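I have placed the structure first, in the form of structure tokens, so that the comments after it can refer back to it.
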Amino acid sequence: MGLQNEEKLELGCTGLQPKPKKWVLLMVRVVAFLATAAATLVMALNKETKTLVVATVGNTPIKVTLTAKFQHTPAFVFFVIANGMASFHNLLMIMVELCGQKLDYKGMRLAMVAILDMMTVALVSGGASAATFMAELGKNGNSHARWDKICDKFETFCDHGGAALIASSAGLILMMIISVMSIMKLLIKPKSDSS
């Protein structure tokens with residue numbers, strides 16, 4: 001009689017444990033979606049136009065209007081595409097998490113989610129690394145290659161780019177956590193699935 005009560009208590013406790021983990025993964029994925037979407041939007045809308053004096057002839061200054069856009073740098077374009085794809089991936093995985101039991105094909109759902117999460121980590125990492133390199137070049141220049149810094153002229157452009165990099169880095173860290181959680185979810189199957 002006492003043994004049956006212990007079994008009921010154990011079954012009751014184990015039945016409740018996976019649910020909080022599911023919501024933790026879901027909430028981390030929502031925050032990662034918000035971070036990568038913010039990085040995408042901030043960088044995609046990043047544009048600054050300035051009129052600069054390039055020379056003076058007599059007393060007349062010669063002015064040139066220059067525009068800094070993310071499209072001018074291929075690394076920033078890749079950054080926007082990578083974070084946009086990560087945002088789409090996270091949105092899709094949120095929907096799979098909410099109604100994933102209906103989409104499970106021969107038990108492959110968890111494996112596919114883990115693989116796609118790892119691919120997304122690699123994609124966001126590449127985009128953030130490329131954009132960080134170009135941001136460093138824009139901030140400090142490269143005296144050996146005679147590339148001048150531009151952040152002293154386009155402060156707002158560089159500030160917005162830095163904010164996008166911070167959001168993308170936060171999204172990358174969250175995506176790494178999600179990837180570990182997805183792999184753990186794949187390796188540790190609930191007891192109801194193993195019987």
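Any Cβ shown, glycine's included, is placed from N, Cα and C.
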Same membrane side per Swiss-Prot: Q71 vs I188: no
DSSP helix/strand/coil residue counts for the topological domain 'Extracellular' (44-75): 6 helix, 21 strand, 5 coil
Folded-back contacts onto the topological domain 'Extracellular' (131-163), same chain, C-beta under 8 angstroms, at least six residues removed: 42-43, 45-48, 50, 52, 66, 68, 70, 73, 75-76, 78-79
Local confidence of the prediction over the topological domain 'Cytoplasmic' (1-22), expressed as mean pLDDT: 48
For the transmembrane segment (23-43), sequence-distant contacts whose Cβ falls under 8 Å of one of its Cβ atoms, 6 or more beyond its ends: 70, 76, 79-80, 83-84, 86-87, 90-91, 93-94, 97-98, 124, 131, 160-161, 163-165, 167-168, 170-171, 174-175, 177-178, 181-182, 185
